[in-house]
Amino acid sequence: MGSSSSSYAPKTVYLDVDGKVQRVSVSEGLMFFTAVSGGLAGVMTICHHSYLSAEKEQCSNKEDMFQNVLSQVAEQFSRAFRINELKTEVTNRLAMLEKRVELEGLKVVEIEKCKNDLKKLRDEMTSRGGARVNCNCKYNFTDDGKKLSPRRDVPSYPKYTLSQETIEALKKPTFDVWHWEHNEMLSCLEYMYHDLGLVKEFNMNPITLKRWLVRFNQLCTNDDQMMYGMIHLCNLQEKLTMTDMCILMTAAVCHDLDHPGYNNTYQINARTELAVRYNDISPLENHHCAVAFQILAMPECNIFANIEPESFKQVRQAIITLILATDMARHGEILDSFRQKVDNFDFTNEEHVKCLKMVLIKCCDISNEVRPTEVAEPWVDCLLEEYFMQSDREKSEGLPVAPFMDRDKVTKPTAQIGFIKFVLIPMFETVMKVSEL
């Protein structure tokens, strides 16, 4: 240890006191501390804290700088990773789109290949079978007049054995079609052709008859059942020829084929394809005829394949005449013509019989209201809904709306009263006069 005479070397200390820098010289540390007693302790405390504060501030600045650098580096890394992620996503989507384009391209190639194959097949069939009438419809006509042998496959709809009770019910207007399945009604319709002797008379192949009926998949047989009933109730079997009855039954089956649900007035006002095709002349009825004979032109469905060409020509023309007669725009004209003949009606007069057949199919076409209420009511609901759908469409398209179709103006009772009073009753009363002859 040093002697008491030894002392510290003089030192100079600069202190910041109240915002002023003061120079302090210290030669003997202990004496100085004693001299200034407690005041010096305070000065030293201030000095110590000032030094620590400066050191901390410097460290804090370095830490902030380092933290800032780290943040920037992290941000750069984040951007880099995000760019890679986006690049990967874009690459994947691009690959997916390229794959889709490739697949779509293959589909186009396959479609074109199929089209070419179909064209070659059509050309080959044309060269083998001779020319055919071009038609934009679903079916084409045959014009060679040859008797074609029907195919041997049998339609798949079940064969129902009709009871005697059902057979008798089929002859009456009380028959309730709502209680029968579609396949059952096809069996009933097939029975009607056999019962009237039409299959035997026209040498129809029974399998062809089945196929022909199946082609009317969703056909409602309400009107043809009424035609069958009227033939029996009016004893027309004794007064008309087999050809007349065949024309009546076949026209009743075909008269509403492929109905679009909008009447001729709409077709003409809206200038639809059907109206343009048939020059605004009974567009729907002309369409029903066309579809009927497109189906009959199919060899497997031609129930008239075994009759002479001249006979078929007459049958065809008569069926067309009856179907066109169902256009309600001609109602007054046809009924007036029939009234002029009814008092002196002659079943041997071809013109009289023709007019009678036109009235008979009109009766069947509007016959729902002559049935019992429980049978007729559902048909009324269906018809009104069809009218309302048409009037709604006419309103949306700015077309004229018939008052009896406007859902805002008509009710079920009012719609039926006028129709039954002014259309249905007068026509059936006129037909009754013929049945009494």
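Quick reminder: no glycine exception, Cβ is built from N, Cα and C everywhere.
Since we're looking at a predicted model, the values are computed, not measured.
Annotated domain 'PDEase' per TrEMBL: 150-437, in sequence order. Summed and averaged per residue, pLDDT over the domain 'PDEase' (150-437) gives 89.
Annotation comment: TrEMBL describes HIS255, ASP256, ASP365 as Zn(2+) 1 binding site.
Here TrEMBL flags ASP256 as Zn(2+) 2 binding site.
Its Cβ placed at the centre, HIS255 (Zn(2+) 1 binding site) has 26 other Cβ atoms within 10 Å. Between the binding-site residues ASP256, ASP365, ASP365 has the most other Cβ atoms inside 10 Å of its own Cβ, all protein chains included.
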